[in-house]
């Protein structure tokens, strides 16, 4: 029940304005009892609205522009376009076309790419094409550079930590400021802990595409309560809270075990926002049936078509957590994961004025980036 002051794209401490400048607001906006929350940050989104980030097309830039525009209505103000396992030629064509940029009326900001694969486990490849998977050969890090072509715009790399030579790769990526995520893996707990000791800080879609929890060796899931995490380091984990990828009870178990690490991700594919039917995910064809997305002709789940605001509402409903907790899982936690919490993910003074207005049921009413309204629900509810 208080005012939010914004100036020049930042959240302002009004004390300075009142006492030093003797100023007042130029524009006042009545938020009519809305909840004001930091903008959502999606660190794993493969595409949407017919656009697939893992397809090298001539108009890739217009595709990424379309997605960044459309996700504003779902409260996403920044995101990491995600590429699934692809041939090197795709990385070489697509990555130079992704540039880190601020959000605005044109769409959500781009924080850098998330490369999920191809250095992942065959047994837990999920919807990733087997013929494109790779292992680390001698000169492992150089091998990774050759595969991707460049790390200039890369923020997150998902790999399987049980692979030979993965430790040196994790160390090198971490040194370059790339966040290493563990996923699509059959790693046991000690392999996962070793990866964290070398610098890994994230788990890609917890429970999905990893060994199931076992009481004698809890695998990657065991990182949530491990006592081998370096002091001062927090392990974050992504969850696809769409009611399909993880049973609500599993969502509750993870959240209760390690609430401060939970990061909501959509893992959305090109079919998000489109009618059911056949769509693509990188090199594969997927079928959408309701909220389920399968590799065509199988029952292998392949990404989701849930939007971020849907995931937030489902998470809150499934766990019974507070509204603040649900909102932080989509804003503060991903910002902390990427080390940008001084600018994004909060409503603190001097942070970027990327925020949402939501009603009490957590439906987005308006989206603001750098203090400018970039989307608003019109009177007809559209």
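Using the three backbone atoms N, Cα and C, a Cβ is placed for every residue, glycine included.
Copied from TrEMBL, the annotated features are:
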type: ACT_SITE; residues: 267; note: active site, proton donor/acceptor
type: BINDING; residues: 116, 184, 205; note: Zn(2+) binding site
type: BINDING; residues: 127, 208, 209, 216, 245, 301, 302, 303; note: substrate binding site
type: DOMAIN; residues: 35-374; note: domain 'Amidohydrolase-related'
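Neighbour counts of Cβ atoms within 10 Å were compared for the binding-site residues 184, 205, 216, and the top value is held by 184.
Within 10 Å of residue 303 (substrate binding site), counting CA to CA, the recorded positions 116, 184, 267 contribute 267. For residue 302 (substrate binding site), other Cβ atoms within 10 Å of its Cβ number 27.
Straight-line distance linking the Cα atoms of residue 267 (active site, proton donor/acceptor) and residue 205 (Zn(2+) binding site), rounded to a whole number, equals 8 Å.
Of the listed binding-site residues, namely 127, 209, 301, the sparsest CB environment within 10 A is found at 301. Across the structure, residue 216 (substrate binding site) and residue 184 (Zn(2+) binding site) place their CA atoms 21 angstrom apart. Ranked by CA distance from residue 245 (substrate binding site), the binding-site residues 116, 184, 205 have 205 at the top as the closest.
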